[in-house]
Structure formats: C-alpha cells, structure tokens
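Take a look at the structure below.
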C-alpha cells in the first residue's frame with residue numbers, strides 16, 4: 001500500500017538541476033493505505049498500503065491546460081511562483097493585478113504560496129508571506145496547506161520559514177496526515193530531524209500520532225524501508241508495539257519491505273516478531289509470503305537470535321572475553337603453521353592449514369562472534385573484529401620469543417648494540433601498540449540537550465548548510481571540517497585519517513602522530529631483526545662443521561646465511577620470512593602517510609579524491625547524497641575558507657555509481673597497496689582509466705599550505721612554550737593543533753585559514 005506520496009520524488013534523489021513541480025502531471029499513482037480488510041486475501045497479493053482517497057490520487061493539483069483557458073493571468077502568476085520568478089510575482093502583486101489572498105484557481109483554490117512551497121522557491125514564499133498570504137490556506141483534492149506541500153518533498157527551508165510565520169503543524173489533510181507523517185514520507189532525514197526537534201520535542205505533536213488507519217510515523221518509515229528515519233524515531237521514543245487497524249506493527253510492515261537495517265533497529269529496540277496481525281500472521285509468515293526471509297534472518301542473527309527467533313547461546317558472558325579470544329587466535333594459528341612447516345612436507349602442511357583455517361573460521365563465527373555486543377546495524381564479521389590486530393600482535397610476539405630465546409643468546413657477544421637496539425624497539429612497539437588500541441583518536445562528545453541541538457540546526461539553516469555533510473545525524477552535532485563519524489567509536493572523530501584494522505581503532509587528531517611513530521619503529525624493528533637473524537644463521541653455520549647437507553637444498557638461496565637458517569633453524573627462518581612480508585605493506589603505508597602529510601591532507605580526504613577520479617555516472621546527472629535542499633538563490637555570507645573545504649569532501653556530481661571491488665581489490669585495500677599505487681601515479685602525473693590527471697585533482701587541496709608548513713603543522717603541537725622535543729613527541733593538547741601555522745580547535749573547526757594570508761606570527 002503506497003499512499004499518494006509514494007510516487008513523489010524523494011528529497012534524497014532529487015537532482016541538482018532546476019525542477020518545476022507540477023503534480024498534475026502524475027498520470028498514475030499507487031496509493032499507500034490498506035483498503036478494507038476484505039480486499040486483502042493474502043500478503044502475497046499486497047503490493048502497497050493504500051490511501052483512503054484512492055480515486056483522488058495523482059490528481060491533487062489543478063490541470064494547467066484547463067486553468068489557462070479560464071484565466072491566462074492566473075496561469076502566468078502561478079508559473080512565476082513555480083519557477084521562482086520573483087520579479088514577475090512582485091510586478092503582479094504590486095500592480096494590483098492579483099490579490100495575495102485571492103490568488104487561487106477557481107477549481108481547487110491552489111494559491112501561489114502552494115506552488116512556491118512545493119517548488120522550493122524560498123524568495124517567493126518570503127515575499128508572499130510578507131504581503132499577507134495565508135500560510136494555512138487549504139487547497140487541492142486533499143485540502144492540504146503549503147506546509148504539507150513543502151513537507152511532502154522534504155523542503156526543510158520552506159517548512160522552517162512557514163512554521164516561523166504561523167503555519168500550524170497540527171493540521172491534517174484529508175488523508176489525515178500531519179506534518180510529521182508527511183516529513184517521514186519524504187524520506188529526507190534532515191526534515192525528519194527538524195520536525196522532531198522543533199515540533200515533536202516541544203510537545204506540538206505526539207511522536208506516536210496516528211493517521212485514520214491507525215498508522216504512526218514509525219510504521220510509515222518501516223514500510224518505506226527508511227532506516228535513517230526509523231533510527232531517529234526510535235531515539236525519540238516511538239512505540240514499536242502500536243499496531244494499525246489491521247493489526248500490523250512497524251516490524252510487520254518492515255518485514256513486508258524487507259530492508260535489513262530497518263528490521264535490525266526494530267528488533268534491537270525490542271519489537272516482538274511473534275506478534276500476529278488480525279489475520280493471524282507473524283513476521284515469519286509474512287517474510288515467507290513476501291520473499292523477505294533472508295532479510296529477516298539477517299536481522300535476527302545480527303540481534304542475537306536464531307532463524308526461529310530464539311536467543312543464540314552465548315559462550316562468553318562478556319563481549320570483551322570473546323574479543324580477547326579472537327585476538328589471541330592468530331598467535332596460536334601462526335605458531336602451529338610455523339611449527340608444521342618446520343618439520344613436515346610443505347604440500348601436506350598447506351592442506352592441513354587450509355582445513356585448520358576453515359575450522360577456525362567456523363569456530364569463531366559460531367562460538368565467539370555471537371558473544372560480541374551488538375550496536376547499530378553493521379554486521380559483526382571477523383574483518384570487523386580484533387582478528388587482524390591479533391595477526392599483528394601474534395607476529396610481534398613470535399618475533400620477540402625467537403629473538404629472546406634463540407637469536408639473542410647466540411649473537412649478543414658480537415652484536416651487543418644491535419640487540420640492545422632491538423630490545424628498545426620491541427618495548428617501544430609493544431607500548432605504542434597498546435596505547436593505539438585504547439587511545440582516544442579525537443572523539444567529539446555527542447549532544448543530548450535538545451535546546452542545544454535546536455540552536456545548531458538553526459545556525460546551519462541560516463548559512464544553508466543543514467545537511468548530512470555538516471550535521472551528524474548519529475550524534476546530533478555540527479561536524480567540524482575534516483571530521484568523520486566512526487561506527488567503531490560511535491562518535492565523530494576530529495581530523496579523521498582512517499580506520500586501521502591492525503590496531504582495531506581509528507586514527508585521528510590525537511593518535512595520528514603516535515601511529516606514525518608506531519609504523520616507523522615497526523619497519524625499523526623488522527630490518528634490525530633481519531640483521532640479527534643473519535648473524536644468528538652465520539653462527540649456526542659455524543657451529544655445524546659438516547655443511548654438506550646444504551648442498552642442493554637451498555635452490556635460489558645458494559650458500560648464503562639464509563640457506564643456513566633454512567637448514568639449521570627453519571622455524572626462525574620462517575618467522576623472519578613472515579616478518580619481511582609484513583615489511584612490504586608497512587613500507588608502502590609509511591610512504592603513503594609521508595606523502596599525505598606533505599600534501600596537508602588526511603587519508604580520508606585522499607580517498608575521496610581518488611574515488612572522484614574513478615567514479616562512473618551518467619553525464620549531466622547528479623544526485624543529492626547529503627539530503628541538502630537549500631533553495632536556489634539562497635546566498636548566505638559564507639567564508640571562502642569554509643566553502644573551499646567542500647571541494648575536498650563533497651562527492652563529485654554523478655559519482656553514486658562506482659566500479660565494483662573484487663576480492664583481490666579488498667586485500668589490496670586492507671594492506672594499503674591501492675593508495676601506494678595512487679600516490680605513485682600522482683607523483684609522476686599518470687592519468688587514470690577515466691582520463692583524469694590525479695595531480696590536477698590533488699592540486700586543489702584547500703589544506704595544502706606548502707610541504708614545509710604542512711610538516712610543521714603535523715609534527716609540532718600548538719604549545720609554543722613547550723620545548724621542541726616535547727612538541728614533536730607529544731600528541732596535540734586537547735582538541736587544538738596547528739593549521740597553516742596558527743592554532744585551531746579541531747572540535748570547532750568550521751573555517752580554514754586562508755592560504756593567501758601570510759602567517760607572520762608563526763607558532764613554530
């Protein structure tokens with residue numbers, strides 16, 4: 001059942017091209033609403049929720065052809081309101097050609113304010129209201145107000161203006177829909193948030209207000225598969241138990257739609273999947289008839305239930321214990337692998353390890369992952385667990401063990417300083433790894449005071465930036481420049497660089513410098529370990545008088561020290577080989593990070609630029625990915641420094657369709673080799689497959705103040721009174737750091753320092 005609004009273009013899919021809306025052109029519409037219950041014999045025949053006024057759907061507004069025959073002057077006026085032709089509107093009103101309170105057509109009384117509202121023409125709306133236009137005038141087949149018409153398209157700025165000038169949010173149209181219902185139906189999360197904070201939070205509308213069919217806004221959002229709106233409604237306390245006149249709860253309608261994220265939110269909030277409708281069907285029966293079984297099962301398992309809706313047994317009482325087991329598993333697996341390769345035929349070992357890997361994967365998924373704490377809608381997988389950080393820790397631990405018990409005793413007399421250096425590096429790497437795992441990357445606190453959130457929304461509306469790029473819908477704060485929301489930390493991270501699976505944490509403002517120290521020491525430690533192992537293998541060769549067993553057994557290694565290691569201590573040799581393999585991606589990571597620091601950009605900003613160059617999209621078509629409905633001609637005073645950041649983080653128009661990533665591409669990305677290749681291309685100016693010159697893209701980075709300035713900004717804290725060594729080694733103080741040589745607060749960074757201004761009073 002899809003109501004009259006179902007065929008209206010969603011605010012999230014409107015193109016940036018000028019659009020003049022004439023809903024009279026809707027030839028046919030499937031309407032949302034359940035008709036009489038006797039019309040529905042089974043859910044399999046249920047296509048949509050139908051509205052009560054089926055015969056009026058798609059005919060809400062006047063037909064222009066008929067209107068033109070009746071009154072060409074009125075047609076000209078309404079067309080000007082549609083197109084935002086303020087000059088013509090003013091001319092006609094000031095010239096007394098029309099009266100602002102008598103500007104409706106003769107059939108459905110559609111006013112100029114209605115037309116301006118549904119076409120997002122704020123300047124025309126402002127003028128008409130200033131001339132005394134009735135903001136609560138009813139018109140159209142459903143007798144809707146201009147507020148209703150603006151809300152159905154998700155036009156936040158029009159809704160805000162009308163409410164501030166007397167529009168009544170409690171009024172309903174002939175379908176029984178009020179402002180909250182229509183806002184939810186627009187699927188524009190920004191309008192939903194605006195209404196929740198400025199109308200519902202103030203008690204003007206109940207979060208669970210129903211339409212004539214008994215459906216709440218949560219039920220509508222669940223039916224539409226709008227997970228963003230469902231999440232926000234649940235935060236405001238929307239009831240998951242209220243059923244409509246047919247006995248359908250939000251979970252029932254969510255199952256009809258089959259959107260997994262919606263089902264996850266509802267089930268996590270306590271929705272009853274065993275509850276039955278008036279026809280005696282629960283969610284499992286509905287899923288079978290609507291072919292959404294897979295989505296329901298995914299939501300159930302994600303929320304800790306089996307396919308039949310019963311709790312999955314948890315083998316660990318605490319989530320931390322399960323994560324600890326996942327973290328330790330790679331250490332044991334690597335030890336077994338090295339031991340087997342040391343004593344058994346490699347071909348046989350590969351088969352054994354393959355079977356062991358499958359068994360380990362099955363065991364972790366069945367017995368360990370179910371004990372993880374669930375938060376949000378992201379599936380819990382091994383790649384989203386501490387597994388990869390356990391791989392690194394296991395490698396580090398095995399390197400430490402073989403160095404301490406085997407390598408150091410034989411090489412200390414000849415390589416004292418090298419062994420001491422190895423000890424210092426190992427201690428430092430262990431310490432930094434532990435710190436990076438638990439360290440705050442620069443998380444901004446979420447906002448819980450509704451009054452503060454309302455003020456933030458108001459401020460963003462004033463500057464035309466109330467969208468998901470500037471407002472965090474998860475934490476309800478204004479996003480500072482260069483920040484990003486992290487699902488792992490459930491917070492916005494200042495100067496977000498990237499999520500690193502090897503430390504199971506984000507890298508941001510507060511731990512980025514420590515991360516650079518960490519990977520640099522790691523690479524140094526690997527080559528120090530290599531030098532000691534070569535000395536160790538040489539000692540082994542000297543200890544064995546009979547070296548004939550080396551002949552013909554080392555292949556390409558010849559008679560080198562590495563051959564001695566392979567023959568006399570294969571376990572140490574394999575660990576060294578494994579460590580050297582890690583050094584490849586670590587070296588590429590260091591190279592990429594050094595390049596980005598010199599360019600003055602974060603890893604995330606670099607990724608956005610690279611995705612822009614690889615994007616595939618239809619020519620001339622751009623999608624509103626940020627739910628921005630800023631009216632055309634809206635010209636607030638925006639500082640160039642703030643605006644320039646948009647060129648870095650904003651998606652390129654037409655970039656919503658991208659090349660699919662292969663399995664090899666995923667591995668390539670996890671090790672960071674994809675960025676290494678992109679940096680090489682940028683350095684020598686190679687064009688990508690789409691013909692873009694990567695260098696021409698990165699040259700537009702607004703935070704690039706020259707490589708010397710960028711390096712100083714990264715490595716030096718803003719505390720000019722501290723000694724130089726302290727400024728280099730210590731992380732930023734609180735949320736403050738240098739940018740173009742001046743101190744900025746990254747928690748409140750909404751404007752970038754101007755590149756053209758020479759910083760005379762340098763804080764270096």
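Glycine residues also receive a Cβ, built from the backbone N, Cα and C atoms like all the rest.
Since we're looking at a predicted model, the values are computed, not measured.
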Among 301-321, 385-405, 448-468, find the range that Swiss-Prot records as transmembrane segment.
385-405
Hey, which of 57, 106, 548 does Swiss-Prot call phosphoserine?
57
State, for residue 479 and residue 541, whether Swiss-Prot gives them the same topological domain name and hence the same side of the membrane.
no
Can you tell which of 51, 483, 655 Swiss-Prot marks as phosphoserine?
51
Examine the ranges 322-341, 602-621, 622-641, 662-681 and name the one recorded by Swiss-Prot as transmembrane segment.
322-341
Of 419-439, 692-712, 713-733, 734-754, which span is tagged transmembrane segment by Swiss-Prot?
419-439
Averaged across the topological domain 'Cytoplasmic' (1-321), what pLDDT does the model get? Just tell me the whole number, please.
82
For the topological domain 'Lumenal' (342-346), give the DSSP counts of helix residues, strand residues and coil residues.
3 helix, 0 strand, 2 coil
